[in-house]
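Here the structure comes first, spelled out in structure tokens, and everything after it is commentary.
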Amino acid sequence: MKMGNYSAVTEFLLVGLSQYPELQNFLFVLCLIMYKIILLGNSLLIIISILDPRLHTPMYFFLGNLSFLDICYTSSTIPQMLIIFMSEIKSISFLGCALQMVISLGLGCTECILLAVMAYDRYVAICNPLRYPIIMNKVLYMHLAVWSWAIGCMNSLVQTVMTMVLPFCGNNVIDHLTCEILALLKLVCSDISMNVLILTVASVVLLVVPLLLIFVSYIFILSSILRINSAEGRKKAFSTCSAHLTVVILFYGSALFMYTKPKSKNTKVSDEIIGLSYGVITPMLNPIIYSLRNKEVKEALKKILKRHLHLTKI
């Protein structure tokens, strides 16, 4: 295709759900409330894990990373989305779109790897409890966290650069709420077979492989729990990984439902809302799940609240 008659794209128009202004007003209020809960809940979890010495363990170190990741992920999309909901101007700059894509995609990939790392941590803690402090030492869990972030961000950078250098031939209307990579590839007016191939390979490596590792880890964990003689011991062992398992089911369940659900014009609105829920509800529920299902977090929270109340009385 000849591209000489087309001007370079300098901005994109995000028109997802723009034909439903009343729905946008409702989603604006809902997303604003949920975003505040995300910031408060995840920030509180990070502060608790730092202030309480009992939580200076690999599990809570990874949990702090997950909370920080959720804050950054939602902050890369929700503020811009709120502006689009309430503004007549639905545009985002070319650079802003690329930045949003590289951050959200990178953090999404990092979370997949991080959840697999957390499953390995639970596997070692339950299947090899006596050797846990030796195996999951500070050097190892720091390296696991760093590599999770590095791999996710490197993949995102490569995917984003490969997408944004392609010609759009003047097409700049994205029928989506955010700069999502698949939505942008639909606007490209040249061959995208290489992009699709690399995206598919990356999805298998960074989505399917971590899911398989989590599955295998929990097979061994379940086997070890069932070999524990006392019911109290089994309950205690399962409680240490139930929160993580709930988050994994929520994260992968919503992701698989969103990407495997048959799409058509008749389900366009529901697909947009499901995608929005995937990016907002999961980060909001993560700190709630870990707080409700974790005795150490609840005790640490009570301790901090008592200390705060004592200081205010003074």
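Keep in mind that glycine also has a Cβ here, set from the backbone N, Cα and C atoms.
Predicted automatically and left uncurated, TrEMBL annotations should be read as such.
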**Request:** Among 273-292, 293-312, find the range that TrEMBL records as transmembrane segment.
**Result:** 273-292
**Request:** Could you tell me what the rest of the chain brings near the transmembrane segment (273-292), counting residues at least six beyond its ends with Cβ under 8 Å?
**Result:** 27, 31, 34-35, 37-38, 41-42, 44-45, 63, 66-67, 70-71, 73-74, 77-78, 81, 104, 176-178, 180, 243, 246-247, 250-251, 254-255, 257-258, 261, 298, 301
**Message:** Using Cβ distances below 8 Å and needing 3 or more such pairs, separated by at least 6 in sequence, tell me whether the transmembrane segment (60-86) contacts the transmembrane segment (196-221).
**Reply:** no
**Complete:** Tertiary contacts of the transmembrane segment (139-158), defined by C-beta under 8 angstroms and 6+ residue spacing from its ends, are 58, 61-62, 65, 101-103, 105-114, 117, 120-121, 198, 202, 206
**Message:** Please report, as numbers and ranges, the same-chain residues at least 6 past the borders of the transmembrane segment (92-118) whose CB is under 8 Å from any CB of it.
**Reply:** 9-12, 14, 59, 62-63, 65-66, 69-70, 72-73, 76-77, 80, 84, 144-145, 147-149, 151-153, 155-157, 159-160, 163-164, 178-181, 184, 202, 206-207, 209-211, 213-214, 217, 244, 247-248, 251, 279
**Complete:** Model confidence over the domain 'G-protein coupled receptors family 1 profile' (41-290), as mean pLDDT, sits at 86
